[in-house]
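Participant: Just dropping this structure here.
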Amino acid sequence: MAKEWGYADHNGPDHWHEFYPIAKGDNQSPIELHTKDINHDPSLKAWTASYDPGSAKTILNNGRTCRVVFDDTYDRSMLRGGPLTAPYRLRQFHLHWGSSDDHGSEHTVDGVKYAAELHLVHWNPKYNTYGGALKQPDGIAVVGVFLKIGREKGEFQLFLDALDKIKTKGKEAPFTNFDPSCLFPTCRDYWTYRGSFTTPPCEECIVWLLLKEPITVSSDQVAKLRSLFSSAENEPPVPLVRNWRPPQPLKGRVVRASFK
């Protein structure tokens, strides 16, 4: 079944193209960042996020990640600037992580794998609907934040505490009054390139903003992500401990840096 993709050997990233041919396309994500090959582009502006904490609605476990969903029916929580030519609406954020602290991020920087990677997914309302934006090369903007291991991050704990309500696949719970900009690093420097979703159908519609500076969370906090299950409540328990796609070929794309 096409919709039964996952991260196991039989349905994992190596098989996605069998059902979703674009997964072998020319603009796939994630990628390896080699900083010596990336040039500073002085035309790249600063970016800003103005998020309404009341637009957060629910948190859910879809068996592949945990996701927080936002009200995107109007311009409530917006991303502006950077490489973007228009304001984009926040729709959801989710994370990718690994089975241990030494890996889990999808993008890598000079060979460094971080413990996890946060993706904030926004869409361009000039295309009227999210579905319409998925069909456009600049329809979606994703801010990627790396998580490294160190001291605990209190703001991240607010989110983690809600995971107890969505332990198993298919669970959903109210989750509001949360401003995800509290999960951004102090430094707003970023790399940008044209890419895709890192999960099927792997549509090539994304302007990526990858933040150079990781945020620091504790080992226990990342372990909390691994306490989720990819199985439903009535099924034999399968821990959700590996949900990252490996880097894809750059195929001539240019990565630009907002900083020197």
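Positions of Cβ are set from backbone N, Cα and C atoms, glycine also.
Sharing the feature lines straight out of Swiss-Prot:
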{"type": "BINDING", "residues": "His94, His96, His119", "note": "Zn(2+) binding site"}
{"type": "BINDING", "residues": "Thr198, Thr199", "note": "substrate binding site"}
{"type": "DOMAIN", "residues": "3-259", "note": "domain 'Alpha-carbonic anhydrase'"}
{"type": "MOD_RES", "residues": "Ala2", "note": "N-acetylalanine"}
{"type": "MOD_RES", "residues": "Ser29", "note": "phosphoserine"}
{"type": "MOD_RES", "residues": "Ser43", "note": "phosphoserine"}
{"type": "MOD_RES", "residues": "Ser50", "note": "phosphoserine"}
{"type": "MOD_RES", "residues": "Ser55", "note": "phosphoserine"}
{"type": "MOD_RES", "residues": "Thr73", "note": "phosphothreonine"}
{"type": "MOD_RES", "residues": "Tyr127", "note": "phosphotyrosine"}
{"type": "MOD_RES", "residues": "Thr176", "note": "phosphothreonine"}
{"type": "MOD_RES", "residues": "Cys182", "note": "S-glutathionyl cysteine"}
{"type": "MOD_RES", "residues": "Cys187", "note": "S-glutathionyl cysteine"}
{"type": "MOD_RES", "residues": "Thr216", "note": "phosphothreonine"}
{"type": "MOD_RES", "residues": "Ser219", "note": "phosphoserine"}
{"type": "REGION", "residues": "64-67", "note": "region 'Involved in proton transfer'"}
Participant: Roughly how many Å separate the Cα of Ser50 (phosphoserine) from that of Cys182 (S-glutathionyl cysteine), to the nearest whole number?
Facilitator: 11
Participant: Quick check on the recorded positions Ser43, Thr199, Ser219: which one has the highest count of other Cβ atoms within 10 Å of its Cβ?
Facilitator: Thr199
Participant: Would you mind reading off the Cα separation of Tyr127 (phosphotyrosine) from His119 (Zn(2+) binding site), to the nearest angstrom?
Facilitator: 21
Participant: Which of the three DSSP-derived classes (helix, strand, coil) applies to His119 (Zn(2+) binding site)?
Facilitator: strand
Participant: Given the recorded positions His96, Thr176, Cys182, Cys187, Thr198, state which is nearest to Ser55 (phosphoserine) when distance is taken between Cα atoms.
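Facilitator: Looking at Cα distances from Ser55 (phosphoserine), the smallest one goes to Thr176.
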Participant: Using DSSP, break the region 'Involved in proton transfer' (64-67) down into helix, strand and coil residues and give each count.
Facilitator: 0 helix, 2 strand, 2 coil
Participant: So among the modified residues Cys182, Cys187, who's got the most Cβ atoms within 10 Å?
Facilitator: Cys182
Participant: Can you tell me which of the binding-site residues His94, His96, Thr199 is spatially closest to Ser219 (phosphoserine)? Compare CA atoms only.
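Facilitator: Minimum Cα distance from Ser219 (phosphoserine) across His94, His96, Thr199 lands on His96.
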Participant: What is the average pLDDT across the domain 'Alpha-carbonic anhydrase' (3-259)?
Facilitator: 98
Participant: Have a look around His119 (Zn(2+) binding site) and count the other CB atoms within 10 A of its CB, chains all included.
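Facilitator: Around the Cβ of His119 (Zn(2+) binding site), 23 other Cβ atoms lie within 10 Å.
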Participant: Compute the C-alpha separation of Ser29 (phosphoserine) from Thr198 (substrate binding site), stating it in Å without decimals.
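Facilitator: Between the Cα atoms of Ser29 (phosphoserine) and Thr198 (substrate binding site), the distance comes to 5 Å.
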Participant: Can you list the residues of the same chain, besides His94, His96, His119, whose Cβ falls within 8 Å of the Zn(2+) site's Cβ centroid?
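Facilitator: Apart from the listed residues, the neighbours are Thr65, Arg67, Phe93, Leu95, Glu106, Glu117, Leu118, Thr198.
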Participant: Let me know the most crowded of the binding-site residues, choosing from His94, His96 and counting other Cβ atoms within 10 Å.
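Facilitator: The largest 10 Å Cβ neighbour count belongs to His96.
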